[in-house]
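A.B. asks: First, the structure itself, so that you have it in front of you.
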Amino acid sequence: MANMLYFMGFLALSCSLALASDPSPLQDFCVAAPNGQVFVNGQFCKDPKQVTENDFFFSDLNKPGNTANPLGSKVTPVNVAQIPGLNTLGISAARIDFAPYGLNPPHIHPRGTEILTVLEGTLFVGFVTSNTENRFVTKVLQKGDVFVFPQGLIHFQRNAGYGNAVAIAALSSQNPGVITVANSVFGSKPPIEDDVLAKAFQVDKNVVDQLQSQFWMDN
């Protein structure tokens with residue numbers, strides 16, 4: 001009986017780990033077919049006979065993103081929306097460009113862990129652990145340094161140098177998603193009631209109203 005309980009517990013743990021990331025493919029590839037008539041978890045597969053090399057290709061990642069915005073940064077994603085061949089493969093990437101002192105603001109990837117490599121410049125990066133510890137883990141990264149942001153944790157990157165900075169991120173999902181904290185809290189549509197946010201942040205409602213009246217951009 002004890003062995004059976006141990007086996008069932010191990011099986012449950014294994015299943016939970018298996019379901020914690022994108023599902024594994026059951027064939028060589030499942031190129032995403034756009035404009036499906038039914039919503040599914042992921043994308044429908046394109047007819048393999050219609051698959052071409054361009055379904056696995058993306059160009060222009062060598063071109064800098066436009067950082068002329070209030071954040072001073074630009075993210076160029078390379079996920080299943082850009083490369084249909086990533087469907088079911090559980091991986092994606094992004095290029096992040098930073099103007100001097102530019103910021104990729106605090107955000108969450110709900111479906112993927114991120115591993116970041118600095119190609120140029122100096123970045124100050126960090127993430128915050130979950131409740132109740134809420135520990136702030138930070139590091140200053142130089143060219144060639146690599147840093148990991150665990151799935152679902154709030155994190156950010158800021159250019160700490162005097163020149164431009166560039167980083168490449170790889171993520172453990174074909175569609176890791178992005179939730180920018182400020183945008184979600186103060187820029188939701190319709191807006192969250194100001195008395196809710198005033199109590200949550202322990203500030204006057206006028207402060208909340210001012211924040212909600214601002215334009216919150218995605219980079």
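Glycine residues also receive a Cβ, built from the backbone N, Cα and C atoms like all the rest.
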A.B. asks: Disulfide-wise, see what TrEMBL says Cys45 is paired with, picking from Cys15, Cys30.
C.D. replies: Cys30
A.B. asks: Across all chains shown, how many C-beta atoms besides its own are within 10 angstroms of the C-beta of His107 (Mn(2+) binding site)?
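C.D. replies: For His107 (Mn(2+) binding site), the count of other Cβ atoms within 10 Å is 21.
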A.B. asks: Neighbours of the Mn(2+) site His107, His109, Glu114, His155: Cβ within 8 Å of the Cβ centroid, same chain, sequence order.
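C.D. replies: Residues close to the Mn(2+) site, other than His107, His109, Glu114, His155: Ile108, Phe127, Phe149, Leu153, Ile154, Pro176, Val178.
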A.B. asks: If you draw a 10 Å sphere on the Cβ of Asn104 (oxalate binding site), how many other Cβ atoms land inside?
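C.D. replies: Looking across every protein chain shown, the total is 26.
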